[in-house]
Structure formats: structure tokens, C-alpha cells
């Protein structure tokens with residue numbers, strides 16, 4: 001391993017020698033100021049520019065660490081490697097103006113060779129990219145080279161992974177990208193704080209883009225949190241990424257204040273729905289299980305957020321009828337809340353959870369509160385968290401319409417909570433609102449307390465001086481969760497607050513029906529189960545990074561000429577015969593059932609170390625445990641039956 005490491009280390013030092021004349025500053029022509037690159041930005045840029053045969057690199061850096069500025073620096077100075085480049089940048093459409101166009105315009109005078117493609121826009125992909133592809137394909141010769149930059153590459157990669165063994169619509173474009181990126185002396189730069197979001201298939205597609213045909217990892221290669229053929233895979237990937245993660249803990253782990261990043265503390269709020277909301281939740285559960293989209297848990301997630309009285313589960317209603325019903329219900333709820341304005345005495349009692357113990361509260365306040373709680377235990381808890389926050393609050397609610405942001409805002413009005421909304425419905429005003437929210441005079445939230453944001457604000461947007469963030473609805477993976485939380489914890493995002501206020505409390509509101517069912521808990525478990533294997537891949541990328549190699553061979557003599565990356569790119573890792581790898585697991589026979597189907601009794605074998613249940617060597621379920629980490633079970637007909645979730 002170390003022989004190949006040292007050769008790559010020699011090439012890294014070769015690149016550093018070759019690019020030592022490059023400045024570590026970049027001039028902003030609009031403000032006439034100079035920005036000094038961070039050491040890691042300068043280092044990665046010089047390696048990528050200095051090595052002709054290192055045609056691909058992943059910037060695996062935390063949110064807020066300057067990936068965009070680094071890419072712009074590379075665009076500006078890559079002419080040191082070759083004078084004429086076509087720059088093709090893949091981004092989300094919402095990030096075109098800020099940060100991309102604003103940053104490029106500030107630092108690069110001639111942008112005529114730069115073209116943008118929106119990978120979340122069908123028209124941009126199908127028409128614009130295909131036209132560009134044809135023109136680039138015909139013009140790639142000794143006069144031009146191509147640099148492809150992909151921002152938030154995980155978003156693009158996830159569109160190329162097969163679903164149910166069927167090709168995704170994006171797959172043909174993915175193949176064209178591979179062809180362009182690996183044509184002679186072209187280069188590709190990918191960027192993401194979370195390059196893998198769901199599974200190992202995404203990792204294989206990412207590597208297929210950066211170094212096609214060199215390897216294929218299978219999920220069974222990962223056992224007990226370790227990659228069985230780690231050495232072979234790492235050697236195949238040496239130098240494939242630059243790694244900068246100041247905080248390596250995942251989104252569900254507390255972190256301390258470090259190097260300009262606010263302290264993070266996790267809080268789980270387990271709350272019980274009203275009887276009315278529980279009733280609708282059970283109806284939604286039956287509806288979800290009957291529909292093709294039941295796996296998305298759609299209706300349960302909607303009802304967990306808000307359940308207005310007499311609200312009908314969609315059932316046989318078509319989309320027009322259902323939407324009309326939703327509009328009527330929202331109008332009714334709006335009319336009901338117009339006259340609710342809680343007294344200061346009630347709000348103080350509510351903040352301190354003293355409503356039941358206070359005897360002098362207005363009966364109208366109590367009645368109105370009970371009705372609001374009946375519709376949404378989540379929104380009530382969110383209001384309590386906000387009122388107890390010392391500063392500004394972010395609230396993530398991906399549901400933009402009736403069951404989400406639209407109804408949530410009425411709750412805020414009742415409790416006199418000031419807010420702005422950053423979502424797909426506020427495109428015209430949201431940037432101005434965000435500027436007011438981030439304004440220095442609002443650092444403590446005295447003017448605007450809350451910013452409600454949906455997926456429209458979960459990437460590429462920065463919020464300043466946030467003290468609390470509330471997650472009302474769980475995303476599907478830790479990557480999205482990291483992006484959401486990353487909006488509030490960025491480099492120096494809290495620098496204008498006193499040191500003791502440089503923290504972010506992350507609140508997860510987990511609602512349970514009165515029979516203890518929770519789609520929020522299901523989603524949280526999915527996130528945790530996915531992340532285990534993804535963390536193995538992240539450790540692999542760290543071990544393969546240019547920083548890890550350089551730290552081991554910092555003072556080694558550089559090579560005279562490039563050779564190694566041309567060889568690595570053309571060497572395929574041998575397939576591993578997993579049947580030859582003997583893994584000893586101690587398993588115990590067990591009787592169990594799934595939590596959502598307690599009528600079906602199953603038999604399997606339990607690994608007590610991991611709580612995973614196997615059937616013919618395949619993991620099929622995982623024990624549900626209580627707060628003391630003890631398994632939950634029932635006894636029927638003198639048989640001990642363990643309660644489990646699906647193994648994801």
C-alpha cells in the first residue's frame with residue numbers, strides 16, 4: 001500500500017513545485033478587494049491544476065468551506081495548464097445568481113467560455129445540454145479542452161441510479177458526461193459536503209463519473225462497519241478527492257464550538273397527538289398501505305403535521321376534488337384563527353409548560369389552545385420552542401401547502417411570532433426578506449424571529465446568527481439533514497454574537513399517535529440505518545484523499561514526470577469473490593413480527609451485537625428498543641415475540 005502511496009505523494013509534490021508561482025489571493029474586481037484563499041483551498045487548486053493526468057477530483061468539503069470560490073479560482077488559473085478551455089457548470093437552477101454568477105462575475109473578467117446547465121430543469125437538460133454536447137463533441141481537439149464542474153454532485157448522481165432495475169431518465173446524460181469528462185485531456189471537478197446520500201449504488205456511479213470502469217463495490221463487502229477489501233479499493237481511488245470536514249460527526253451527534261463553527265446540540269421532543277389527530281393518522285396509515293406510493297408514507301406525514309377536523313383522507317377523490325377540499329378547509333381554519341390572540345399571561349404559562357397548574361388563565365385562551373392542539377401537536381410544540389429561544393429560529397417544513405407552511409403560519413399569528421417564509425411560493429420576495437432576516441440589527445431576532453424554509457432554502461443559502469433550528473418533517477437521508485442543519489452552522493456564521501451565544505440547538509419533533517405509532521420515528525430510523533454504510537464510504541474517501549497522502553509523504557522528493565494517474569485510471573480492481581470470505585457471526589433463533597403487521601409471526605436469527613435479524617444470511621429486520629436500549633416484545637400463547645422494523 002505504502003509503495004503506491006509514496007508514488008502518489010511524489011506526484012502531489014511535483015504539482016506543488018509546478019504551481020508555486022500561483023497566487024494564494026484572488027481579486028474581486030467589483031469591490032476592488034483581495035480574498036486570501038484558505039490553505040486547503042489553495043492546496044487542492046494547485047494539485048488539480050498542476051497534474052495534467054489527474055483529470056478528476058471530488059471536493060469533499062463541509063458546507064460553508066468555500067467550494068464555489070475554489071472552483072472559480074480553478075477556472076481563473078487553469079489556463080496555466082492549457083490556454084483554451086470550455087467551462088461547463090452543472091448546478092441547481094436556484095443557485096445560478098447566488099452564489100455562482102455573482103462569484104464568477106466578481107473574479108473573472110471574460111466569461112464567454114462558461115456555460116451553465118441546470119440539472120433540476122428538464123428543459124435545460126434535454127435541450128440545452130444535448131445541443132452543447134453536440135457542439136463540444138465536434139470541437140474537442142487540440143485547440144480546446146473541457147472543464148466540467150458539478151455542484152452538489154450527489155443531486156446529479158442520485159438521478160442516475162436505477163430504481164426497481166429500471167433506467168432513470170437522467171442515465172443517458174450521465175453516460176455523455178462520462179464520455180466528455182474522460183476524453184483525452186479534459187477535466188471534471190465535483191463538489192459536495194455529502195457525496196453519497198442513500199446507498200452504495202450512488203457511490204459506484206460517483207466513481208464511474210470520476211474514474212470509469214475501475215471498480216464496483218457491493219454492499220456485502222461492508223460487514224460490521226468495515227470494508228472487507230479496504231486496501232484494494234483505496235489503492236484504486238488514491239488521490240480521487242480533497243477532504244475537508246472540520247466536524248466529522250453526523251447530523252445526529254452533538255458537537256462543540258470549533259474553528260468558527262457554532263456548537264451543536266440535539267434535542268428530541270416526543271409528543272402525543274390528540275385523539276382527533278390520532279384517529280386521522282390511523283386512517284392515513286391504512287390509506288398509505290393500500291396505495292402504490294405507500295412506501296413514501298405520504299398521508300401519514302401530512303397528518304402528523306396538521307389534521308383539521310373532518311379532513312378527508314384523499315381516498316377516491318381525484319386531484320382537483322382533493323385540492324378544492326384542501327382550499328375550503330384552509331379557508332375555514334383561517335377564519336377560525338382570525339380572532340385568536342393569546343394574552344401575555346397565557347403565553348408565559350404556555351412557554352413554561354404551566355397551563356394545567358395555572359388557575360387564573362382566561363377560559364377562551366384555554367379553549368382556543370385545546371382546539372389548536374387538537375389539529376397539530378407538532379405546531380404547538382414548535383411555537384413553545386420558538387418562544388423559549390433567546391435568538392433567531394430556523395424552521396424546516398418541506399410541506400408548502402395546506403398541511404404545512406400555510407397552516408403553520410396561522411399558529412404563529414396566534415402566538416404573536418414574527419416570521420418570513422423562504423419557499424417555492426415566495427420567489428419574488430424571499431431574497432429581500434432573507435436580507436432583512438440576516439441583517440445585523442436582527443441578530444437576536446428582535447425584528448423577525450423565525451424563518452420558515454422548505455427544500456428551496458435547504459442548499460446554497462446562508463443564515464446568520466441562528467440559535468435554534470426546528471425539523472418538523474424528516475428528510476429521507478442524513479445528507480439532506482446535514483444540508484438543512486448546515487444552513488444554520490457555517491464558517492463564522494455566529495461571529496457577531498457573544499461567545500456564549502455561538503450555538504445552535506437542533507430540535508426534532510417526533511409525534512406519536514395515542515397508540516404509539518410514529519412516522520417521524522420510522523423516518524429517523526431510516527436515516528440512521530442508511531448512514532452506517534455511508535460512513536464506511538466516507539472513511540474510505542478520507543483515506544484516499546490528497547490531504548491524507550500528502551500528510552504521510554510531505555517531504556518526499558517529487559517525480560520528474562507524471563505517470564501514476566494515467567496508470568491508476570486504467571487499472572480495474574479485481575472483483576472480490578465474497579463466497580471466499582468467511583464471516584463468523586453468532587446468531588440466535590428468534591420469533592418476531594413487524595411493528596406495522598403484528599398479525600404475521602416470523603422466525604429468524606438474531607445478532608445480539610447489532611440487533612439485526614437474518615433469514616438465510618440476509619438481514620431482514622431490526623429489533624425496536626426502548627429508551628433503556630432494551631428490546632420491545634409481546635407474549636402471545638406463551639411465545640415471546642419481538643417487535644421489529646424493516647431492515648433498510
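Note that Cβ sites are derived from N, Cα and C of the backbone, with glycine treated the same way.
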Residues flagged as motif 'DEXH box' in Swiss-Prot, choosing from 143-146, 147-150, 151-154, 155-158: 151-154
The motif 'DEXH box' (151-154) - residue tally per DSSP class, helix then strand then coil: 2 helix, 0 strand, 2 coil
Packing count at residue 68 (ATP binding site) (other Cβ atoms within 10 Å of its Cβ): 21
Residue counts (helix, strand, coil, in that order) that DSSP gives for the region 'Binding to the cap-specific mRNA (nucleoside-2'-O-)-methyltransferase' (468-534): 28 helix, 14 strand, 25 coil
